[in-house]
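Quick look at what Swiss-Prot lists:
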type     : residues                          : note
ACT_SITE : Cys49                             : active site, thioimide intermediate
ACT_SITE : Asp56                             : active site, proton donor
BINDING  : Ile71, Glu72, Leu73, His90, Glu91 : substrate binding site
Amino acid sequence: MKTNHPETYDGRQDHIPSLQTPEIESFTNVYEGKDYTIDFTVPEFTAVCPKTGLPDFGVILVSYIPNKRCIELKSFKEYILSYRNVGIFHEFLVNKILEDVIKSIDPKYLKVIGDYNARGGIKTIVTREYKKP
């Protein structure tokens with residue numbers, strides 16, 4: 001969609017799906033075949049607002065039911081830290097994390113929530129879920 005707004009950001013984040021990030025490592029799930037949920041929270045997430053260049057602060061929540069592999073947390077921490085200086089919209093970050101985790105561990109179920117601090121009086125919460133077909 002074309003707009004007459006010179007401040008538009010259409011097309012400026014097209015590279016996000018292919019953005020190079022550290023590998024999310026994994027380990028064998030020795031309880032494969034059992035459905036259990038793993039939840040973790042990144043309470044001090046930061047990235048950069050692509051419009052203002054100012055930092056965005058928020059909480060990232062990840063919840064998944066593993067299949068054959070589980071996320072190795074140190075590598076996930078390094079993966080998350082790689083966004084610290086990246087200009088990325090909230091919506092795209094949640095989608096990118098979800099797709100990268102799917103590539104890494106092929107979970108049975110995955111939910112990623114980006115719960116961002118209010119900016120300009122607006123609080124943003126972005127959620128995406130995946131269920132293995």
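Backbone N, Cα and C define each Cβ position, glycine as well.
Close to Leu73 (substrate binding site) in the fold, though at least 6 residues off in sequence, lie Phe40, each with a CB less than 8 Å from its CB. When the Cα atoms are compared, Ile71 (substrate binding site) and the residue listed as 'active site, thioimide intermediate' turn out to be 28 Å apart. Counting only the Cα atoms, the space from Glu72 (substrate binding site) to Asp56 (active site, proton donor) is about 25 angstrom. The secondary structure of His90 (substrate binding site), as reduced to three states from DSSP, is helical. When the recorded positions Cys49, Ile71 are compared by the number of other CB atoms within 10 angstroms of each CB, Cys49 has the fewest. Glu72 (substrate binding site) is surrounded by 15 other CB atoms, counting those within 10 A of its CB over all protein chains shown. Proximity of Glu91 (substrate binding site) to non-local residues of its own chain (separation of 6 or more, Cβ distance below 8 Å) is seen for Val126, given in sequence order.
For the substrate site, whose binding residues are given in the record as Ile71, Glu72, Leu73, His90, Glu91, the maximum C-alpha distance rounds to 24 Å. Least packed by the Cβ count within 10 Å, out of the recorded positions Asp56, His90, is His90.
His90 (substrate binding site) sits 9 Å from Asp56 (active site, proton donor), taking the CA atoms of both as reference points.
Residue pair Cys49 (active site, thioimide intermediate) / the residue listed as 'active site, proton donor' shows a Cα separation of 6 Å. In the three-state DSSP reading, Cys49 (active site, thioimide intermediate) counts as coil.
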